[in-house]
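Novice: Sharing a structure here in C-alpha cells format.
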C-alpha cells in the first residue's frame, strides 16, 4: 500500500481545508511544547553523539567513534565478565539483569497482595502501607537499604542472627556478586506498591457476579483465577510490566544513594543512569559518552512507551 | 430430579443487625416452577443465593431431596444460576461461555460440542456462537446465559430477575420461551422477580415475601382469589385491591362511610377491612336502587383502551375502579357498588376472614 492511499484511508473524508486549519491551530501549542522539550533534546543528543565535545562546546564530526568506544567501555559492557557471568558486567547488562529479576517479582507480588487484600477488612490501611514505599523518594529508599543491610545494626542481618544463620551475616551491599540483588529487592519493595494499586483497581472492576457464576459453574479457587481473573486483568498486567520496565531502565537514585557515583565496589551495581551522570558531571567530562548512554536508555524505553501510549 | 426444602432458614447481616430472611419454611416440588415475588429489599434474592450456596445460612437447613446441602459449596450442589446482568464472561465467545461449566467439570470435548450444539438449537443462538458477548443484543445475551445454565443439566435451576434488563417486548417473548424450556426439561426451578405479571404468568407456585418473611405460598389463581392478608391483597393486582375500613356491628359490617353491608362478619375483631378488586366495583353517576352505596368524588379518569380506570376519592383515600366504560368525569360525585360476595373481609390484624 502506498503512503498516499494509506493516508487517504486514515483521514476523515469530511476533512476540508477549513477544518484542517482549525485542527492545526489547536494542536500548535501542544506540538510546540512537545518539540521543545521532547523531540528537540532527543535529536540534539542523537546528533551530538556523532561529534566530539570540548566541555559543552560541540567539536568535530567523529562518526561512530563514541558509540564504538561506549560498547568497548568496561563501565558500560564488560564483555569478559559478562561471558563468565561475574560482576561487574557493566551498566547495560546489569541494568537488564535488574529488569529481568525485578519486573516479574514486583508484578506477581503486586497481584498477589491485591488478591490477598481484595476481601480483607482494613484493606485500605494495608494497601496504604504497601503503597507508602512508592511515595517515598527513591534516594531515601537507597539510604534505608543501607541501614537494612548494615552488618551491625541492620535489620536483615539481625533477622539472620535470630534464625541462627550467623555465618551469613555480612554487608550485603558490599558483596560484589550479591549486592545488585540486595538492591533489586529494595526496588521490588518500591514497585510492588504501584503494581498492587493498579491490580487492586482492576480487581475491583471485575463484576462479582462473574466470579459467583464461575463458582456455580463449578470452578474452584485456582480455576476462577486462571479462567476469569487473569484474562480480565491482562491489560493491567501489560501496563504494570511495561511501567516497571521503564522504571528500572530509568533507575538512578537508589543506586547512587547505596553505592555512590561509582555504583558500588568496582561498579558491581552500576546502571545506565549512573553512567550518564558520571560521564556528564564528573571530571573528565565526556559529554558525547553521556549522550550515547542516554540514547541507549531511550532506545530501550521508547518502544515500551509507544506500546503503552497506543493501548486502547 | 430434585425437591428443595427450606427449613426455618434465616439470614442475618452485620452481626444480626440486619435481618435479610427470617424463618423461611417452604418446599419446591420436583420439576416445579416456583417464583419468589416481593418488593425490592424483601430478601428474595438472598433466599435464592442461599439455595445456590453463594450465601451462608445464619440458621436453618436446606435439603435437596434428602440430602442436606447448606454448607456445601455451590459447585457440589449441581445448581445452575442465571444472573440479573447475565454475568457472561466478557473474554470468552458465546460458545466458550456455554461450554465453560462443562469444561470445568471435565466433560470430554466431543460430548461438550454435542451438548453445546443442542442447547444452542434449543435457544436459537446457533448463529451467534462465535461472537463476543459484547457484540450481541440483550436478548441474545439472555439466551446465552440461559444456555450456559441449561447445558450442564442441573438438578436445580435458579433465576435472579433474569428478564428485568430486557425491553418490554423482548420480556414477553422470553417469558414464554423460559416457560417452554422449563416445561420441556422439567427442571426444578426457582425464579426471583419483583414483577407480579411475570410471577403470575410463569409460576406454578408463588412465594410472596416481604421484610424477609414469607407472606403467602399459593398458586397464581389462589393468590389472586384469596390473598391471605391485607398486605398481599394490596401487593397483588394492578391496580391492587381496594380496602375499605369498617366496623363489626353485631355480625354485620358497617363501613366508615356510614353504610351497612349485607355481608356477615364472622370475626371477633371490632375493626375490619373490606377488600374489593378494582374490576369488581361499579361506578355510576346516579344513585342506584340498592339499599347501600359508597359515595365518592371522581379524581381522575384514565381511558386505557381495554378498560377505563376511574380513581375515586372516598373519605380521604383513593379507590381504583376498572370499568369497561363510564360517563363519569373528574369532579363528578359518584356512587360505588359491588357484589358483597366479591368482597374479602380482613380482621384487625389484616388476616383474611372470609
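From the backbone N, Cα and C atoms, a Cβ is placed for every residue, glycine too.
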Novice: If you look at how TrEMBL annotates this chain, which of A:270-289, A:290-309 comes out as transmembrane segment?
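Specialist: Comparing A:270-289, A:290-309 with TrEMBL, transmembrane segment matches A:290-309.
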Novice: Between A:156-177, A:178-199, which stretch does TrEMBL give the note transmembrane segment?
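Specialist: The listed stretch tagged transmembrane segment in TrEMBL is A:178-199.
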Novice: Per TrEMBL, which of A:130-149, A:210-229 is transmembrane segment?
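Specialist: Here TrEMBL associates transmembrane segment with the stretch A:130-149.
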Novice: Take the C-beta pairs under 8 A between the transmembrane segment (A:178-199) and each of A:20-44, A:96-118, A:130-149, A:232-258, A:290-309. Which stretch has the highest count?
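Specialist: Answer is A:96-118, with the largest number of Cβ pairs below 8 Å.
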Novice: Out of A:96-118, A:130-149, A:232-258, what stretch is closest in contact terms to the transmembrane segment (A:290-309), meaning most Cβ pairs under 8 angstroms?
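Specialist: The listed stretch sharing the most Cβ pairs with the transmembrane segment (A:290-309) is A:232-258.
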Novice: I need to check the long-range neighbours of the transmembrane segment (A:130-149): which residues 6 or more away from its ends have a CB within less than 8 Å of a CB in the stretch?
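Specialist: Here the qualifying positions are 113, 155-157, 171-173, 182-183, 186, 189-194, 196-197, 251-258.
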